[in-house]
Amino acid sequence: MKAVIILGLVLLSVTVQGKIFERCELARTLKRLGLDGYRGISLANWVCLAKWESDYNTQATNYNPGDQSTDYGIFQINSHYWCNNGKTPGAVNACRISCNALLQDNIADAVTCAKRVVRDPQGIRAWVAWRNHCQNRDVSQYVQGCGV
């Protein structure tokens with residue numbers, strides 16, 4: 001019985017953690033989902049963005065007390081503008097998606113929403129982490145050795 005409880009706790013901790021992509025695994029997945037060159041944004045820039053926003057973690061969340069919004073998933077997509085979490089005051093939900101969908105191990109919905117984000121005038125500059133860590137830098141290291 002004790003072993004069953006311990007196994008249950010281990011499985012629960014794995015479930016809560018979500019998927020943490022390896023760098024090259026993410027690069028291949030993003031390429032397959034059509035992000036390489038989308039709106040002129042290189043695959044390396046997308047991988048750099050994911051590194052600095054979530055450390056490649058699909059379950060990453062970050063609460064923003066200023067506007068009571070939360071950032072979700074591998075790209076840290078914000079509930080004030082892009083998704084619906086049922087809690088953020090004045091939310092727009094421009095991606096027309098539940099924020100929980102952005103926390104799935106299958107990142108297809110997150111990629112679709114990220115494509116919507118970059119169609120806005122700010123483009124990829126909407127992400128502070130991209131501006132701080134990727135913009136005007138050599139980001140080729142993020143796809144180096146990945147065969148993409």
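Cβ atoms are placed via backbone N, Cα and C, with glycine included.
The record in Swiss-Prot lists a disulphide bond between CYS99 and one of CYS83, CYS134, CYS146, namely CYS83. In Swiss-Prot, the cysteine linked to CYS24 by a disulfide bond, out of CYS134, CYS146, is CYS146. Looking at CYS99 (disulfide bond) and ASP71 (active site), their Cα atoms lie 9 Å from each other. Put simply, GLU53 is the one of the recorded positions GLU53, ASP71, CYS95, CYS113, CYS146 whose Cα lies nearest to the Cα of CYS134 (disulfide bond).
In terms of Cα spacing, the recorded positions CYS48, GLU53, ASP71, CYS83, CYS146 that come within 10 Å of CYS95 (disulfide bond) are CYS83. Counting other Cβ atoms within 10 Å of each Cβ, the disulfide-bonded residues CYS48, CYS83, CYS134, CYS146 show the lowest value at CYS146.
Look at ASP71 (active site): DSSP puts it in a strand.
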